[in-house]
Amino acid sequence: MQPQRDLRGLWLLLLSVFLLLFEVARAGRSVVSCPANCLCASNILSCSKQQLPNVPQSLPSYTALLDLSHNNLSRLRAEWTPTRLTNLHSLLLSHNHLNFISSEAFVPVPNLRYLDLSSNHLHTLDEFLFSDLQALEVLLLYNNHIVVVDRNAFEDMAQLQKLYLSQNQISRFPVELIKDGNKLPKLMLLDLSSNKLKKLPLTDLQKLPAWVKNGLYLHNNPLECDCKLYQLFSHWQYRQLSSVMDFQEDLYCMHSKKLHNIFSLDFFNCSEYKESAWEAHLGDTLTIRCDTKQQGMTKVWVSPSNEQVLSQGSNGSVSVRNGDLFFKKVQVEDGGVYTCYAMGETFNETLSVELKVYNFTLHGHHDTLNTAYTTLVGCILSVVLVLIYLYLTPCRCWCRGVEKPSSHQGDSLSSSMLSTTPNHDPMAGGDKDDGFDRRVAFLEPAGPGQGQNGKLKPGNTLPVPEATGKGQRRMSDPESVSSVFSDTPIVV
C-alpha cells in the first residue's frame with residue numbers, strides 16, 4: 001500500500017506543477033498580448049496616435065489587424081518585428097513620417113491582404129519592394145511624395161485588386177501595370193489622380209477591358225489637350241464609366257498654360273464622338289467582346305433576328321465562346337445589331353453592338369506585296385529612263401564609212417537659199433569690206449555670163465571655177481532653183 005500512496009502523491013505533485021506552469025504561461029501571454037501604449041481587442045491591436053518612434057516589440061503571433069497610424073515612424077526595417085506574424089491580414093501605417101522601407105520589410109507578414117502606407121514621405125518605389133506580399137489585395141500609397149515608380153515594384157502581386165497612387169508627383173504613366181493584364185490580372189482599381197501626368201498611352205488605354213477602365217482614375221492631371229484624348233474620355237462617358245462620370249468637372253487638360261475641361265474642346269475643332277460599328281468582310285474570322293464594367297458576369301447574346309446565340313453555333317457560323325461572340329467565317333447575313341445581356345450578383349448591364357459586313361473579300365497579304373513591288377519597280381525604271389534621256393548622248397556609229405565629197409552638180413540642188421557666208425573671198429585684198437563682220441544672208445547671185453533670171457547671154461560661156469580654199473564659194477548651177485531671185489541680198 002505504501003508504494004501506491006507514494007505513486008499517487010507523485011502524480012498529484014506533477015499535476016500541481018503542470019497547472020502552475022499553465023497559469024504562469026497564461027499570465028505571461030496576457031502580458032505579451034497587449035504591448036504598452038496599445039489597445040487590444042481579441043486579435044486586433046491598436047497602437048494609433050501614441051507618437052511612437054518605433055514599432056512595439058513582442059507583438060503576439062495571433063495578431064490579425066495591427067494599427068500603427070498617426071505616429072512618428074520614419075523607417076520600416078527588415079527586423080521591425082522579431083515575431084513572424086502569419087495571421088496578420090491588415091497593417092495600417094498611414095500618417096507617419098516613413099521615408100524608407102526595406103525590401104525585406106514584409107517578409108514576416110506573408111499573408112497580408114490590406115496595407116495602408118498613405119500620408120507618408122515616400123519618394124521612390126524600388127523594384128521588388130512588394131514582391132513578398134503575394135496575397136495582398138489592397139495597397140494604399142496616396143498622399144506621399146512619390147516621383148519614381150520602378151517597373152518591377154509590383155512584381156508577383158497577382159492578387160492585387162486596388163492600388164491607390166493619387167496625390168503624388170508621378171509624371172510617367174505606369175503602363176506596365178495594366179498592359180496585357182499579365183502583371184496584375186485582378187487589378188480593377190488604379191487611382192492615378194492628382195499627379196503630374198502630361199501624356200497617356202492612349203493606344204494601350206483603348207485596348208483595356210471596360211472593367212479596368214471603369215476603375216482607372218486620371219482626373220486632376222495636367223494632361224496635354226488633344227483630340228485623341230477627347231475621343232478617349234468621350235467614349236468612357238458614353239459607356240457611363242465611373243472613372244469619368246464621378247469626376248467630370250475635374251477632368252481637364254493643359255493648353256497654352258491654361259486649363260480646359262476635356263469635354264469642352266470646341267476650340268480644337270475636335271469631331272463629335274460617335275460609337276463606331278464593327279466592320280468585317282466575307283470570310284473573316286471575328287471575335288466581339290461583351291465588354292462589361294464588372295468581371296465574372298453571366299453573358300447572353302441575342303442575334304439581330306432576336307434569337308439567342310448558343311455556344312454550339314446553331315445560328316450558322318456564329319457562336320459564343322467564353323462570353324464573347326465568335327464568327328468563324330463572316331457571311332453577309334451575319335450583319336446587324338447584336339445585344340449582350342450581362343448579369344451579376346449586384347449589377348446588370350445591356351450592351352448593343354452593330355456589325356457591318358461588306359459583300360467582298362480583302363486581298364491577301366501576298367497580293368498586296370506583289371502590287372507594291374510592281375509599283376516600285378515601275379517607278380525605278382521610269383527614273384532610269386529619264387536619266388538616260390537627259391544625260392546620255394547617242395553613241396557615234398563607227399561602222400559607217402567616210403562620206404565622199406559630192407560633185408558640183410549634186411551640190412547645186414542641195415545648196416541653201418539662205419547663207420550666212422559672205423560672197424567674196426576673205427583672202428583677197430583691196431576689198432572695202434575686209435575685216436567687217438557683217439552677217440548677211442544671200443541668195444545665189446547670177447554669174448557674169450548670165451542674163452536675166454539666170455539665163456546665159458548669147459555668145460557667153462560658163463566659166464570653170466578654179467580650185468580654191470575652204471573659204472571659196474562654189475558657183476551654182478544656172479538651172480538650179482537657188483538662182484531664182486538671186487540679185488537681192490537679205491540682211492539678217
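Glycine is no exception: its Cβ is also placed from the backbone N, Cα and C atoms.
Lifted from Swiss-Prot, the feature list:
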- 28-371: topological domain 'Extracellular' (TOPO_DOM)
- 28-61: domain 'LRRNT' (DOMAIN)
- 62-83: repeat 'LRR 1' (REPEAT)
- 135-156: repeat 'LRR 4' (REPEAT)
- 269-352: domain 'Ig-like C2-type' (DOMAIN)
- 404-492: region 'Disordered' (REGION)
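When pLDDT values are averaged over the repeat 'LRR 1' (62-83), the model yields 95. Mapped onto DSSP classes, the repeat 'LRR 1' (62-83) shows 0 helix, 5 strand, 17 coil.
With DSSP states grouped into helix (H, G, I), strand (E, B) and coil, the repeat 'LRR 4' (135-156) comes out at 0 helix, 5 strand, 17 coil. Packing against the repeat 'LRR 4' (135-156) from elsewhere in the chain are residues 94, 110-129, 162-172, 174, 176-177, 183-184, 191: each is 6 or more residues past its ends and has a CB under 8 Å from a CB in it.
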